[in-house]
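Student: If you look up TrEMBL, you'll see 13-33, 99-118, 138-165, 186-213, 328-349, 369-387, 407-430, 451-475, 481-503, 547-569, 575-593, 652-678 marked as transmembrane segment.
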Amino acid sequence: MGSSILPDLGAEILIPVCAVIGIVFSLVQWLLVSKVKLSPGRDSGSPGNNGAGGKSGYSDYLIEEEEGLNDHNVVIKCAEIQTAISEGATSFLFTEYQYVGIFMVAFAILIFLFLGSVEGFSTKSQPCTYDKSKMCKPALATAIFSTVSFLLGAVTSVVSGFLGMKIATYANARTTLEARKGVGKAFITAFRSGAVMGFLLAANGLLVLYIAINLFKLYYGDDWGGLFEAITGYGLGGSSMALFGRVGGGIYTKAADVGADLVGKVERNIPEDDPRNPAVIADNVGDNVGDIAGMGSDLFGSYAESSCAALVVASISSFGINHELTPMLYPLIISSVGIIVCLITTLFATDFFEIKAVKEIEPSLKRQLIISTVLMTIGIGIVSWVALPSSFTIFNFGDQKAVKNWQLFLCVAVGLWAGLIIGFVTEYYTSNAYCPVQDVADSCRTGAATNVIFGLALGYKSCIIPIFAIAMSIFVSFSFAAMYGIAVAALGMLSTIATGLAIDAYGPISDNAGGIAEMAGMSHRIRERTDALDAAGNTTAAIGKGFAIGSAALVSLALFGAFVSRAAISTVDVLTPKVFIGLLVGAMLPYWFSAMTMKSVGSAALKMVEEVRRQFNTIPGLMEGTAKPDYATCVKISTDASIKEMIPPGALVMLTPLIVGIFFGVETLSGVLAGSLVSGVQ
């Protein structure tokens, strides 16, 4: 079997050091962003603000000064708008977290009761699940520790989303002001702010998980099977909060978007983000709570789940049985190396190459994906060589499968490259540089109906190649290393999460920057620059969603495998009526979920449209620009609607497995899970 080259102490030092480097790097990026002043003529009170010229661009001549505009007023206006957006987003998230907090506590109690009642809350040691000859810690301990790790995951997920939203609302006006100096400066500010979120999330997720494992180890000692089973709560906590963040934020952003665009652009014929539009602040807040806080929690959920799934399978394989710590922590070491790789990749965008023209923006973001993937492949190769024994066995539905370290390297690499393929296909289907989007634009000549048909067809068509990429990676990774292979393939796809999130968060920040430029009444040339940033940002946001879906598909399969192993189901037979019924019901669930969320967006948008119309009709001087609209009411409509409407879809997802499992048994539940996985990915 052999042992790994990297000693246990090396692994124990490497993981926290990489996580701390990630956190420090994100703080450095934040410091660089904070050097852009938002208050005219005085320091913005952030640390290290000495206003030095040169590379940071203060010696550059401002266009505004050439054009003879009053610079002072523009900066004050930008600061005011930024404050309004930030306050709206913060108040929404706090309200959302109050409701989600209640749910979190209720679900934690449920987890405790379900797991504790397995042995009637006994405090006696019991035979281990996978090896009856050994004694393991009591069920009550597993219940307590699983509940603690669930709460840890939930809190980390919420904090990740919140911090992301904070940095985005901090950076949007700064990006607008930098756009006066040129598109390159604005790009760097937006990208750096995105990097703050990406690195904070990746490093926090890794550090909290690593600390939790070490603290739990104090109690569990040599019972690694029990230890890592208790750790799975971390992934569940992360993804259950992500569910509410995504649904709540999504309903908010779309309701505000539809309301602002329908009345403003279509009925009143005013530009997007015009300050006369009452829903304009709500629209910009929506970008932050939906695309940043929601996306952050979402990717954190996938990241935590794939790490936990891999650790659980490893704990009942030769790594766990022989207590080999370094190979056991292989999933965490991959994530650690990922942080360092993303750090180097980020420097390519912000320091090594400077963007001089609009047409360089999208290639630069694409380069980020390619560089991080190539470097990460080398990183995975080194990690697999150093941290794994040359051969070992992996748990495979009751048997142990012999695996070589190069096979595990291929599993992770296949996931990583599948992620890149999904990213590029998504970009092809969503970028205005390629024919799919141009076809949709062309279809507008005959009205909205053909446009909707073309757009829908395009969306359906964009599934094809990503599904083949996911299928290929599942086949390769399962053939080599069973369910562990699939879990590490998902981890491979998410190993460059810091870069992926930086690219993803860049989009909404540029979008907000454009909105602020329009509302502050900046010149047409500035708006053109922010629009160019925003157009690239829309595409990159879609790439981020592609990553989230691809990795979620692999993670779901790995967790499904863990569930089937744990429930001692040897095969899921589609021909038995119980399983087939489950498949049908499971395949229907994503449609039910989508119907709920779409109806919620529809009813919230309806209220928003009525409110915007009411303000245009009743506030004298609003269209002329002499009176100010009531932004707060629109923000409140979106907030109230999304909070109220996010509960039913969330409850549907969380309660279905419990109800099916209790009333119809594990076979039917395995069908439901498989059905919803297959149908949901599409």
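Yeah, the Cβs are placed from backbone N, Cα and C, and that goes for glycine too.
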Student: Same chain, outside the transmembrane segment (369-387) by at least 6, Cβ under 8 Å from its Cβ: which residues?
Tutor: 4-6, 11, 326-327, 329-330, 333-334, 337-338, 340-342, 344-345, 348, 405-406, 408-409, 412-413, 416-417, 419-420, 423-424, 492, 495-496, 499-500, 503, 543
Student: Sort out the residues at least 6 away from either end of the transmembrane segment (186-213), same chain, that have Cβ-Cβ distances under 8 Å to it, and list them.
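Tutor: Result: 15-16, 18-23, 25-27, 29-30, 32-33, 36, 149, 152, 156, 159-160, 163-164, 167-168, 170-171, 174-176, 178-179, 227-228, 231, 234, 238, 292, 296, 299-300, 303-304, 307-308, 311, 332, 335-336, 338-339, 342-343, 346, 349-350, 354-355, 361, 364, 497-506, 509-510, 513, 529-530, 533, 537.
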Student: Which residues of the same chain, at least 6 past either end of the transmembrane segment (138-165), have a Cβ under 8 Å from a Cβ in it?
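Tutor: Sequence-distant neighbours of the transmembrane segment (138-165): 89-90, 93, 97, 100, 104, 107-109, 111-116, 118-119, 121-126, 197, 200-201, 204-205, 208, 212, 216, 219-220, 226, 229-242, 245, 288-289, 292-297, 300-301, 304, 501, 505.
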Student: Counting only CB pairs under 8 A, let me know which of 13-33, 451-475, 481-503, 547-569 has the most with the transmembrane segment (328-349).
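Tutor: The stretch I would name here is 481-503.
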